[in-house]
Amino acid sequence: MASSSSINSICLSLDDQSSKTLTTTTLSSFFAKPYSPRLLKRRRSQSFHVSCNANEHDQNIKANIDRRNVLLGLGGLYSASNLAPLAFASPILPPDLKSCSKATKSGSKDLVEYSCCPPTPKDLNNIPYYNLPPMSKLRKRPVAQDVTKEYIAKYQLATKRMKELDKDDPRSFMQQANIHCAYCNGAYKFGDEVLQVHQSWLFFPFHRWYLYFYERILGKLIDDPTFALPYWNWDHPKGMRLPPMFDRENTPLYDARRNPHVRNGTIIDFSSPRDEVTTDVGQTVTNNLTLMYRSMITNAACPLQFFGARYVLGNNDSKGQGTIETIPHTPVHIWAGTVRNTDLEDMGNFYSAALDPVFYCHHANVDRMWKVWKGLGGKRRDIIDTDWLNSEFFFYDENKNPYRVRVGDCLDTKKMGYDYAPAAIPWINCRPTRKGREGKVDVTNIKPANKVFPIANLNKAISFSINRPTTSRSQKDKDEKEEVLIFKGLKYDTSKYIRFDVFLNEDEDVNTDELDKVEFAGSYVNLPHVHAHNKKNDSDEMFQLGITELLEDIELEDDDTITVTVVPKTGGDVISIQSVAIELLDG
């Protein structure tokens, strides 16, 4: 069990915290100084096969744009959606509302009992682009745990009025929740392709626009244009529990279908979010901060690692979720979605997630991570590929007017009229320093990777030795190339919740309860979903983890061969892996 002093020494290292303590009932308010942009040393890792050159696919730009304009001219805005797959890639277009169909519940073949399709605009062929309105005052999104009674009353009133709107009003709570259902559960299709905004570079911009309009609707309903959604700062120890305003029964912010284990101040566990209730608060907080560090720094050195894989029409070979979508976004959804319901409703299933008001508070912090990440420096910047910038979505505004919106218009929160109240980010100092074992695993007693893979299922922990392409690399070489551990041909049933952890220089007896150690490389997590790239509930992905930083910390830089251990946590029986390799990729 990690003591409070060990947490301070590992993660905080900012002020004298020796007198602070952590217990199962209280969390001391140990804070880093409020976040301000700072340049970090380059951190190394990748979540899937990408280059840090976010513009490497930005070829034939004019052809793609011209093709998009031609499609938009063939009978109106949505006619392109019904065409056969494109001859070449083009940005994602607004969905075809006329052919919107029944959605499928994530994790099953059952259809959603009701229609998730939005009200159809009167003139489908003349839906304008949205222009950001001028703002005299920024909407300031507050920390959910710090809001006042007056704010809570205002938030409850706005949500109550939204829930009282006619069910056919596009601003109503049900219609707003249906937006997530339609975009994420197969209601929209482009030919044979299912539109899915998760597990790709659309994840962040879609949800930013989604919250933008939801927030403005709430403000309109209470005649307060300065009203701003709260953000659930689960990346800080103080915020690693359900914000109390959402745990008050018989209020508009309460959802009776949440998992009971999230109540009464229980700490969320990013590494084990299902039905377990941890009593070891100290270690849980430490693990969470370590996972935040890995997701924001170690494994998110460049844009496509953070945002997710490219996703365009006509060429959907790339598959992969960004680091924050993997953890902590997915664990928070699983944690709040109750196992009492067959399909983990509400938060645990894409079709129903937005029926829980806490969804929007959760995603406000996801959106905040985008802003914070860009302030960390290095290669952390927005994607400049025009296929991303020109991708579009469809929303209704606070006046019930339909609009098309572009990804390229949502990159600056202040231009969109909102910002975030400052809060500490203690995970920034949580690079693990503790070793989980003394010495090195004897690789001569470990089977080589080519004798272990392929594996048909990951139903138990496996260790293997693997050769590195080079050793004793210079700092210049490290700055130019990432050393990455690549899992190729990763297949699993996308309708299942899965998770596995990866460690270096550990054997199959590794203690997976403690992640705050240099040997922990990262985790893969999947929230059940309808796959965007095919009609089957399967996936074929490439999962990568940067190991340059780990090799330094474990003191394995001069070793030709290292040991890797993969530990399934959930769903290992539906996971198969074709091969594993270590490669040097351009930074």
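A Cβ is built for glycine as well, from the same backbone N, Cα and C atoms used for every other residue.
Under the heading disulfide bond, TrEMBL lists C100-C117 (among others).
In sequence order, C100, K102, A103, N178, C181, A182, N185, A187, Y351 are the residues of the chain that are 6 or more apart from C116 (disulfide bond) and have a CB within less than 8 Å of its CB. Positions annotated as disulfide bond by TrEMBL: C116-C181 (among others).
Feature annotation from TrEMBL assigns Cu cation A binding site to H180, H198, H207. For H180 (Cu cation A binding site), applying a Cβ distance below 8 Å and a minimum sequence separation of six or more within one chain yields Y210, F350, Y351, A353, A354, F359.
On the 0 to 100 pLDDT scale, the model's mean across the domain 'Tyrosinase copper-binding' (198-215) is 96. Here TrEMBL flags 198-215 (among others) as domain 'Tyrosinase copper-binding'.
Listed in sequence order, the residues of the same chain lying 6 or more apart from H333 (Cu cation B binding site) and placing their CB within less than 8 Å of its CB are M347, G348, A353, H362, L527. Look at TrEMBL and you will find H329, H333, H363 tagged as Cu cation B binding site.
Counting same-chain residues at least six beyond the ends of the domain 'Tyrosinase copper-binding' (356-367), those with a Cβ under 8 angstroms from any Cβ of the stretch are 141, 144, 159, 180, 204, 207-208, 210-211, 214-215, 229-235, 239, 242-243, 246, 252-255, 257-258, 324-325, 329, 332-333, 336, 346-347, 413. Residues annotated as domain 'Tyrosinase copper-binding' in TrEMBL: 356-367 (among others).
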> What counts of helix, strand and coil residues does DSSP assign across the domain 'Tyrosinase copper-binding' (356-367)?
Replying inline: 10 helix, 0 strand, 2 coil
> What Cα-Cα separation, expressed in whole Å, is found between H329 (Cu cation B binding site) and H207 (Cu cation A binding site)?
Replying inline: 12
> Apart from its near flanks, which chain residues at least 6 from the ends of the domain 'Tyrosinase copper-binding' (198-215) lie with a Cβ under 8 angstroms of it?
Replying inline: 92, 139, 176, 179-180, 183-184, 227-229, 304, 307-311, 318-322, 325, 350, 360, 363-364, 366-367, 370, 383, 388, 391, 393, 395-398, 405, 407, 410, 416, 418, 527, 529, 532
> recorded positions C117, H198, H207: which have a Cα within 10 Å of H363 (Cu cation B binding site)?
Replying inline: H207
> Long-range same-chain neighbours of H207 (Cu cation A binding site), Cβ under 8 Å, sequence gap at least 6?
Replying inline: V197, H363, V366, D367
> When you measure from the Cβ of C117 (disulfide bond), which residues in the chain that are at least 6 apart have a Cβ under 8 Å away?
Replying inline: L97, C100, S101, N178, A182, A187
